[in-house]
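Everything on this sheet refers to the single structure shown next.
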């Protein structure tokens, strides 16, 4: 508020009328009043009537000036009740850390590397938390989500390229999620329902769960709480059933170890944690609470509670991923089956290894996988709506946007399911290519995010400082470099012939050129 107060004092000293409250707020967030016109403010993640009220009886007068709300510069008192009101968006965001692609990466890491990559799982989750906190900061402080701000920030050609990258990432992730659900349905039906039928069922139940939003955001969040609890119960039961060695787990978390033979599994763990569409999703979900982005007090309070909530939310997927990795490390590390385990046959391998007991572990695995696939397909569709409306500013009803978004994924997924249904190894090859597609998209979500949260014209007083900028660029460079090396190895081993090499060279040149454009544009914020 220092800039606003200075403006008022200058005006008073010059004999001019003091700026209005609206003009003072424009100094707090210049981007919302000068850089963007009213015509831009046509599409929002949540309508005002949909937003959850987070005020409680002990809150100060919302019309009071920010300078009178800080009790001499101190933060407002913590409230468990208010934390409960803010709880929800972080747990929806955490679903992306538990999708079937993540579970497959976990089981393959455990079977191939044992407990030696648990430290990487921990730090990758922490890195993902930092990225998601930046996404939440962007959404709360500006009142817009990442896709909307990219539309305003970048020229038309770059905006369309970013939109295309986001859609490719979302569809490739969605195919894995839908097929994961279909595999779970096949397991639970004892093979009676083929994968393509499971794909259709998943598409329909996604629309059913999304319709719950019409009854309030909290109802939809409650459904996700049930699905997360189902996953936690299923995989915790498997953990207790198999009894992994506690000492090995602690050593695996605390002692970094990495050998050349498990590089691909390590890359898979890191790549699965940061999913581009999830960054867009979280920056929109935080707007489900009724917060005035022009009120510094409300923004700071929201950021405080969202930081706590997001941190708590990511503890749950870390534990679930830990359970899955250690269960398969216990059962298959060092065995001949280790290199052949995937989502489709994992349950059968578990049943053969730990099949005794009243509850067959095959079906426990199927229940957890179904909860993971169902929840992640819903959030994927949710993210697709925000991406489409933000980049393209389409004024469509939500169910129409959901139908379009779902069609982008379901049509290719059914095709893929029919084509690959005859071979487990074919599905594994498909998953490798889908992981590649998602890996190449990571920079096109991270770089715009860091650029925007570093920009005063967008964030006002809530822009991140120079030290945080350096730290975030360093964190962002880790998955970019790792995935770059992985992609180089992946494509170089598959290039055969002059024509395919030439096509690959042109594609890489275009990719790197666009990436450098985004990086240099982001670095220019420092100056």
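Glycine is treated like the rest: Cβ placed from N, Cα and C.
These come from TrEMBL:
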REGION    1-23  region 'Disordered'
COMPBIAS  1-15  compositional bias 'Low complexity'
TRANSMEM  118-140  transmembrane segment
TRANSMEM  191-210  transmembrane segment
TRANSMEM  222-240  transmembrane segment
TRANSMEM  262-281  transmembrane segment
TRANSMEM  302-324  transmembrane segment
TRANSMEM  362-387  transmembrane segment
TRANSMEM  399-420  transmembrane segment
TRANSMEM  470-491  transmembrane segment
TRANSMEM  497-520  transmembrane segment
Stretch in 118-140, 222-240, 302-324, 497-520 most in contact with the transmembrane segment (362-387), if contact is a CB pair under 8 A: 222-240
Positions on the same chain near the transmembrane segment (302-324), where near means CB under 8 A and six or more residues out: 54, 75, 82-83, 86-91, 93-94, 97-98, 102-103, 106-107, 110, 118, 121-122, 125, 128-129, 132-133, 136-137, 140-141, 228, 231-232, 235-236, 238-239, 249, 282, 286, 289, 291, 462
Top partner of the transmembrane segment (118-140) among 222-240, 262-281, 497-520 - counted as Cβ pairs under 8 Å: 262-281
